[in-house]
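J.: Quick one: the structure is below, questions incoming.
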Ligand SMILES: Cc1cc2nc3c(=O)[nH]c(=O)nc-3n(C[C@H](O)[C@H](O)[C@H](O)COP(=O)(O)OP(=O)(O)OC[C@H]3O[C@@H](n4cnc5c(N)ncnc54)[C@H](O)[C@@H]3O)c2cc1C
């Protein structure tokens with residue numbers, strides 16, 4: 001397998017990367033907070049040919065390959081998976097039209113996709129997987145209510161003023177001069193009182209190394225997810241069966257995104273949990289990846305079926321025939 005992107009793919013990757021950084025990223029937090037569908041951003045993306053990538057040129061689309069789609073999806077989702085989903089949703093409809101539509105349907109709905117936004121609904125059949133039609137706002141979620149104030153009534157203070165409770169160690173400690181964990185933002189002059197520094201250089205090293213290991217693990221799994229996804233796209237592009245590979249890619253990439261987001265929240269500690277910082281949004285955004293487009297459980301049932309098929313067996317209702 002050739003891992004290099006073609007010149008055309010590199011070009012559209014650069015285009016999507018610039019769009020993600022200059023247009024999506026600055027708007028992501030506000031869209032999340034207001035649950036506003038990003039119509040203006042979608043229209044800007046449409047003008048660049050990023051909305052209908054899989055729709056054939058004959059019907060007004062870009063006519064790109066599945067590989068171009070996964071490359072663009074990665075770039076856009078870097079800035080915001082919700083807005084990326086809003087931009088890329090038409091491709092699901094385009095795919096269904098291309099794979100299963102009649103010529104008349106392709107013409108009629110292709111033209112509407114070229115100018116507007118599509119929606120699709122799946123019925124589940126035997127797998128009992130259901131996917132309901134949406135208004136195109138997939139992935140956009142209302143911002144959670146973060147912990148905004150630390151004020152506690154005097155009668156509810158544990159240990160009285162000047163003390164703070166470390167739940168992890170279930171004991172009282174003097175409140176640090178900077179307010180400890182209740183401080184809202186780490187100002188530049190804030191004394192560095194991380195767990196590592198409090199316990200001396202050895203502790204700091206353990207913390208730095210621990211965070212480093214998390215980053216290494218995230219990088220390793222993200223790269224594996226990227227390769228699985230590109231393999232599935234490549235198989236689709238050359239017309240090879242890719243049911244198993246696509247299930248591997250979807251489930252692994254979604255699980256990786258969720259796992260990495262949880263790790264990122266952990267690294268940021270309480271700030272990671274607060275809606276005032278961008279990390280908790282990553283966790284909310286990643287969760288839906290395990291749910292839509294075929295839940296990860298359903299992907300695993302597909303894997304079992306495909307593995308059995310490849311092994312020459314047919315599984316019916318869990319029994320081998
Ligand atoms: C933000 C968002 C956007 C969406 N966008 C769209 C869209 O554009 N178009 C669309 O059609 N749908 C869309 N969906 C719907 C999505 O596809 C469904 O929510 C998803 O298929 C799961 O179906 P369900 O919610 O009915 O859960 P259920 O089917 O009730 O499943 C509940 C849980 O049981 C598990 N489960 C179910 N059956 C099995 C089984 N046989 N074996 C093992 N575990 C099983 C599931 O994995 C899940 O964990 C969207 C959903 C969300 C949250």
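Cβ coordinates are placed from backbone N, Cα and C, and glycine is handled just like the others.
Because TrEMBL annotations are produced automatically, they should be read as predictions rather than curated entries.
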J.: Taking 175-196, 197-218, 219-240 as the choices, which stretch does TrEMBL tie to region 'Disordered'?
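T.: In TrEMBL, residues 175-196 carry the label region 'Disordered'.
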J.: Which numbers of helix, strand and coil residues does DSSP report for the domain 'Acyl-CoA dehydrogenase/oxidase C-terminal' (198-307)?
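T.: Going through the domain 'Acyl-CoA dehydrogenase/oxidase C-terminal' (198-307) residue by residue, I get 92 helix, 0 strand, 18 coil.
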J.: Residue counts in helix (H, G, I), strand (E, B) and coil for the domain 'Acyl-CoA dehydrogenase/oxidase N-terminal' (6-116), per DSSP?
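T.: Once the DSSP states are binned, the domain 'Acyl-CoA dehydrogenase/oxidase N-terminal' (6-116) shows 86 helix, 0 strand, 25 coil.
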J.: Please work out the mean pLDDT for the residues of the domain 'Acyl-CoA dehydrogenase/oxidase C-terminal' (198-307).
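T.: Summarising the domain 'Acyl-CoA dehydrogenase/oxidase C-terminal' (198-307) by its mean pLDDT gives 93.
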